[in-house]
Amino acid sequence: MQTYLLSQQFNTRSLAENSTACPANATICNGTSCILPEDNFNETLSIILSAVLTTMLALVMFSMGCNVEPKKFWGHIKRPWGIFVGFLCQFGIMPLSAFLLSLIFNVLPIQAVVVLIIGCCPGGTTSNIIAYWVDGDMDLSISMTTCSTLLAMGMMPLCLFVYTKMWTDSNAIVLPYDSIGISLVSLVIPVSFGVYVNHRWPSKAKVILKIGSFVGAILIVITAVVGGILYKGSWIISPKLWIIGTLFPAAGYSLGFLLARIAGLSWRRCRTVSLETGMQNTQLCSAIIQLSFTPEQLELMFTFPLVYSIFQLLFALLILAGYRIYRRHRVKTKTDVEKTEEKEDSKSMSSHAKINGGFVSNETK
């Protein structure tokens, strides 16, 4: 009888401990180990976020297209020197920088692969927004983003094959061509409508552009905040990857600007190439690693695209702030000087025309 009572007390105590250790909504309890039903909050939030961001991104790219002039855009396509320089930066500088940083910091093979995937990705659409704010060449910016996304279908497999051989089999990396295609379509279609609106209704295009730039700022903030909520449990990462995530975008911006300047591009095009080089499509990188690696491997690498996106945005905002301070403290910008010189030249030519019988050179027409 005493043994029965002790057993009953033990069972009662065990149940009490289990009820204390396991939440009420646990489906299976074994001692202190419980299995909880899946929390659908993140999944629901992710779906809602994707729908909102896709809509906002389409509006932003439509408004960016309203700042593109068809003649200038076509000029970049016919004389693609700027696009070629951007191509060298995007698929030359970035993969090589990723490779060297992985070697210097001696990261794990699986971590080196994710750094290389980031380096081989095409440019992101956020660069178009920042390029507009720093008075960059929007025609070049959009043509570079479009071309890099299109060329990524061939250049990403090639770069990954060349640079990942010492760490993994490049065939193990699955490239989501459908995601690349969707990125391309979501870029080209809204921009095309914006270019058409700018061609037909220039005054309305200016209003749309102002609204779109404001929406672009909101888009960047929402992406950063909600991304932090969705991945709040994923910030345990090797210190080496934090350092690489800081240095990598800074190297992209700096080397992109330097190469563009060496290539003889104007200052505004140098700023554009710099932003297009440093800003990568981190969403595409996240899709690639989720398709290619096991959950155990993802624990070591999944957070790196998030770290890179934080620092690429942070450095881009610093570039923007620095440029705005420079503009504010300068009495006349180079553009203003050029406009003043053009006006003075036209006045002198008109006065000269009166003297020489009304002849005006074709260069001033």
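Yeah, the Cβs are placed from backbone N, Cα and C, and that goes for glycine too.
TrEMBL lists 47-68, 80-104, 110-134, 141-163, 175-196, 208-229, 241-260, 305-326 with the feature transmembrane segment. Taken from TrEMBL, the feature compositional bias 'Basic and acidic residues' applies to 336-347. Here TrEMBL flags 336-365 as region 'Disordered'. Residues or ranges marked as compositional bias 'Polar residues' by TrEMBL: 349-365.
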Item checked: Selection from 80-104, 110-134, 241-260, 305-326, the stretch that has most Cβ pairs under 8 A to the transmembrane segment (175-196) -> 110-134
Check: Which listed stretch (80-104, 110-134, 305-326) has the most C-beta pairs under 8 A with the transmembrane segment (241-260)?
Finding: 80-104
Next item on the list: State the non-local partners of the transmembrane segment (305-326) in its own chain: residues 6+ outside its ends, Cβ under 8 Å from one of its Cβ atoms.
Entry: 114, 118, 126-127, 130, 133-135, 220, 224, 227, 231, 234, 237, 241-242, 245-246, 248-250, 252-253, 271, 274-275, 278-280, 282-283, 285-286, 289
